[in-house]
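Residues or ranges marked as pyridoxal 5'-phosphate binding site in TrEMBL: ARG75. Among the features that TrEMBL reports, substrate binding site is placed at ARG97, SER98, GLN105, ARG313. Per TrEMBL, tRNA binding site is recorded for ARG271, ARG398, LYS463. According to TrEMBL, the N6-(pyridoxal phosphate)lysine annotation covers LYS284.
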Amino acid sequence: MNRESFAAGERLVSPAYIRQGCEARRSHEHLVRLLLEKGKCPEDGWDESTLELFLHELAIMDSNNFLGNCGVGEREGRVASALVARRHYRFIHGIGRSGDISAVQPKAAGSSLLNKITNSLVLDIIKLAGVHTVTNCFVVPMATGMSLTLCFLTLRHKRPKAKYIIWPRIDQKSCFKSMITAGFEPVVIENVLEGDELRTDLEAVEAKVRELGPDHILCVHSTTSCFAPRVPDRLEELAVICADYGVPHVVNNAYGVQSSKCMHLIQQGARVGRIDAFVQSLDKNFMVPVGGAVIAGFNDSFIQEISKMYPGRASASPSLDVLITLLSLGSNGYKKLLKERKEMFSYLSSQLKKLSETYNERLLHTPHNPISLAMTLKTLGEHQDRAATQLGSMLFTRQVSGARVVPLGSVQTVSGYTFQGFMSHANDYPCAYLNAAAAIGMKTQDVDLFIKRLDKCLKAVRKEQNKESNVSGVDNYDKTEDVDIEEMALKLDKVLLDTYQNSS
């Protein structure tokens, strides 16, 4: 209600009570005003009543919510289901216009304001996380892979002779397919083994730039966040190479916002050399549903070019999700999550190290990877690959998600390119291993339950390897806890093992 409405209310209720209600309303409005004036994430998170009031105020600025609206066009924000309308807080028009995803819509002032505020808050969080000199960013309603494709397509217009993208190998399909989808030929640079770590082969990158010629290279496509034993690329050195040869540099920072080390690499790379854009996922870094990413960079005009490359309007859902999340957390809440994630990484590392030593395995030494860990699987018996596959299936059927078991010698073809040792980021990594990651939002109980279930699964697999029957040993899994999960898992184990034997 506005001042006139409150004044009218004083004729019905005691003016003292109305004034008290008016002051309460002003406290909400004060938070909104500070947000609009500063464009930064509030230090302390908002309560739900302030959030819902703010979203309602924005939504009624969109034409589909005007009381007297008369829509005669083909896109008037009509929604058949009231449930769908409520799910989206009645933001129906989406964001952007046909020629620019960041442009203001005349029909949707509220949605446009929502979009601008969200981009401003995300930029603030990226700076808070460590990339202090970033100049611009925008939320795009596509996951990381397609967002990378959008960056490559924008660079195409700047580099018409370019045919190749130089890509230090990382065995993850979407970042590889992003280059294929954009119409370019990936030039795979194999990693070099340093101790347990797989690191960027800088000499091979520079040699390939010289061989192909800078004008024929669209960009170098590097990676920060990755599965151990691969570690983040040597971004500073790559950025210098790109600057020296005049080659653009796009960084896949998929879940790197949550890591101060990954963000520091990007900041340093931009300081000493060239980084044109870096792309990160919304769901992995901000704990929202899958479907959005953030494209950011150090050259404001280039980031605007990328936003204008997006064809048509876009869904406002990813922007709405991350706006609600950041306003709920506040910058203090997000910093607390970052701090807790670091603590969980140390805790997971110590617990996994203890467990690995119990089974005469070891935690791979990967100090340059700040998120992912890997434990060797060398002592699983004679049929190591089959045992590793069985371990992975047992963990999955016991509701352990996210852990990756990587056997030796896996071969996979992706978009016509065949990779030896796929998932291990190398043709012949020395051993099979198991991955686990300490990502934002992980809790101590998650680590404890994972270690407990992994321990039981390792015991079961080892007993299995010592028996002549391929299935009977599974019954030795300790069923003292998680009874319902175990009953279902044992049935799934039998199916998965039968499938493995039939395909071998």
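Cβ coordinates come from backbone N, Cα and C, glycine included.
When the Cα of ARG313 (substrate binding site) is compared against those of the recorded positions ARG75, ARG271, LYS284, ARG398, LYS463, the shortest separation belongs to ARG75. Residue pair the residue listed as 'N6-(pyridoxal phosphate)lysine' / ARG398 (tRNA binding site) shows a Cα separation of 23 Å. Each of the binding-site residues ARG75, LYS463 was scored by other CB atoms within 10 A of its CB, and the lowest score goes to ARG75. When the Cα atoms are compared, SER98 (substrate binding site) and ARG75 (pyridoxal 5'-phosphate binding site) turn out to be 12 Å apart. Per Cα geometry, ARG97 is the residue among the binding-site residues ARG75, ARG97, GLN105 nearest to ARG271 (tRNA binding site). Packing around GLN105 (substrate binding site) is summarised by its Cβ count: 18 other Cβ atoms lie within 10 angstroms of its Cβ, all protein chains included. Cβ atoms within 8 Å of the centroid of the Cβ atoms of ARG97, SER98, GLN105, ARG313 (the substrate site) belong to the same-chain residues GLY94, ILE95, GLY96, GLY99, ASP100, ALA103, GLY312, site residues excluded. Within 10 Å of the Cβ of LYS284 (N6-(pyridoxal phosphate)lysine) there are 23 other Cβ atoms, across all protein chains.
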